[in-house]
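S.K.: What TrEMBL shows for this protein is this:
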BINDING   Lys70, Val71, Lys72, Thr185, Asn292, Phe293, Arg294, Lys312  ATP binding site
DISULFID  Cys119-Cys164  disulfide bond
DISULFID  Cys132-Cys158  disulfide bond
DISULFID  Cys216-Cys226  disulfide bond
DISULFID  Cys260-Cys269  disulfide bond
CARBOHYD  Asn183  N-linked glycosylation site
Amino acid sequence: MARLGGCWAFLCRCFFQYETPKILLIRSKKVGALNRLVQALILAYVIGYVCVLKKGYQDTDSVLSSVTTKVKGVALTNSSQLGLRVWDVADYVIPPQEESSFFVMTNLIVTMNQTQTRCPEVGVPERAASPCSLGAVNGYRSVQTGKCVNFSDSARTCEVFAWCPVETDSEPPNPAVLANAENFTVLIKNSIQYPKFSFGRRNILPDVNTSYLRNCIFDRKRDPHCPIFRLGDIVSEANEDFQSMAVHGGVMGIHIRWDCDLDMPESWCVPKYTFRRLDNKDPDNNVAPGYNFRFAKYYKVADNVETRTLIKGFGIRFDVMVFGKAGKFSVVPTLLNIGAGLALLGLVGAIACGDSNASSVNVEAAFSLTVNSWHRVLCDVACYV
């Protein structure tokens with residue numbers, strides 16, 4: 001009981017006491033200059049970097065976005081296989097709509113008048129070591145019937161059941177069939193919101209009218225806010241050559257950035273566009289370059305026979321990516337950053353002094369602070385002794 005009473009009395013003394021830090025006045029030019037220098041650096045960090053550059057007084061929100069696109073343009077081609085032909089949007093934009101992207105076909109390999117029947121496999125001569133087998137699948141195009149047939153006067157190959165004539169695996173035409181696609185244009189409509197601030201905006205700015213929209217084309221210097229882009233300009237902005245890219249295809253990125261300071265006028269919140277190529281074009285690793293896929297157009301001829309035209313399309317896919325952040329003044333982040341700055345200024349007082357004239361004072365102060373620190377520790381652990 002006596003021990004418990006002593007513990008209780010000690011806790012009461014610790015609880016009902018008040019401590020203040022000891023303040024030392026050190027008259028030293030070196031220490032004073034160092035003290036002011038550190039204070040100036042902390043103030044420059046808090047005011048210049050945190051408040052001005054990073055806008056630490058603002059609350060922030062991330063962008064929510066929707067994107068739709070509309071491509072326009074017509075091309076005229078004349079080839080031995082297809083003859084004189086006009087290509088419009090329904091021919092070269094596949095599929096008609098995608099989510100935040102669009103594909104424009106720039107080159108193609110056409111296999112016409114295919115029907116489901118038996119025919120010689122293309123480019124796969126029969127060898128004794130690998131005879132034709134019933135049901136064997138040849139790549140992705142056909143199934144063997146088990147028979148060996150004449151492919152030409154000097155070569156034999158396996159007979160297959162497939163869409164015949166079988167597609168010939170060859171290099172795409174160079175220059176590209178739709179080389180004129182670089183003059184096509186695309187209207188990109190982008191709507192963004194910052195839900196935290198109930199703020200919304202479109203890349204078709206409020207002062208834009210129908211007449212302007214019919215005639216404008218995006219230009220980095222003359223017209224940076226026009227939402228209509230020439231495909232050739234998009235590729236050249238990424239330091240790429242459209243005609244070279246059109247042969248095998250590729251993937252381009254259209255970046256729209258909305259960084260808005262909502263403490264400023266709403267008209268200052270405008271999009272900034274940048275462009276870059278996204279697929280790999282490393283010359284040392286050029287296996288399966290570009291971007292392509294196959295699709296077919298089906299129809300029926302005499303005797304109700306199903307026929308198709310197979311197209312291996314090469315082209316450029318454009319991915320539209322939207323980024324952004326909005327900021328607006330708020331009391332909470334302002335107080336947090338001011339408090340952090342004051343805390344850093346409080347650390348300046350912990351600078352140790354190496355001046356010989358103040359050495360005795362420093363030793364005394366250090367001893368006094370050490371005793372006070374141990375006293376606080378004893379107060380905290382008294383009940384556990």
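Cβ coordinates come from backbone N, Cα and C, glycine included.
In TrEMBL, annotation is done automatically, which means it is predicted and not curated.
Would you situate these features in the structure and describe their surroundings?
M.R.: Using a 10 Å radius centred on the Cβ of Asn292 (ATP binding site) and all shown protein chains, the other Cβ atoms total 17.
Of all Cβ atoms in the protein chains displayed, 19 besides its own lie within 10 Å of the Cβ of Cys119 (disulfide bond).
Counting Cβ atoms from all protein chains shown, Cys158 (disulfide bond) has 23 others lying within 10 Å of its own Cβ.
Sequence-distant neighbours of Cys269 (disulfide bond) (same chain, 6+ apart, CB under 8 A from its CB) are Phe199, Arg201, Trp258, Cys260, Asp261, Leu262, Ala326.
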S.K.: So if I draw a 10 Å sphere around the Cβ of Lys72 (ATP binding site), how many other Cβ atoms end up inside it?
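M.R.: Lys72 (ATP binding site) is surrounded by 12 other Cβ atoms within 10 Å.
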S.K.: Around Arg294 (ATP binding site), how many other C-beta atoms are within 10 angstroms of its C-beta?
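M.R.: Result for Arg294 (ATP binding site): 12 other Cβ atoms within 10 Å.
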S.K.: Name the one residue among Cys132, Cys158, Cys164, Cys226 whose Cα is closest in three-dimensional space to that of Val71 (ATP binding site); these are the disulfide-bonded residues.
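M.R.: Nearest in space to Val71 (ATP binding site), counting only the disulfide-bonded residues, is Cys226.
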S.K.: Starting from the Cβ of Lys70 (ATP binding site), draw a 10 Å sphere and report how many other Cβ atoms land inside it.
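M.R.: Lys70 (ATP binding site) is surrounded by 14 other Cβ atoms within 10 Å.
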S.K.: Pick the one among the recorded positions Val71, Cys132, Cys164, Cys216, Cys260 whose Cβ has the fewest other Cβ atoms within 10 Å in this structure.
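M.R.: Looking at the recorded positions Val71, Cys132, Cys164, Cys216, Cys260, the Cβ with the fewest others within 10 Å is that of Cys216.
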S.K.: How big is the gap, in Å, between the Cα of Cys164 (disulfide bond) and that of Cys226 (disulfide bond), rounded to a whole number?
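M.R.: Approximately 49 Å lies between the Cα of Cys164 (disulfide bond) and that of Cys226 (disulfide bond).
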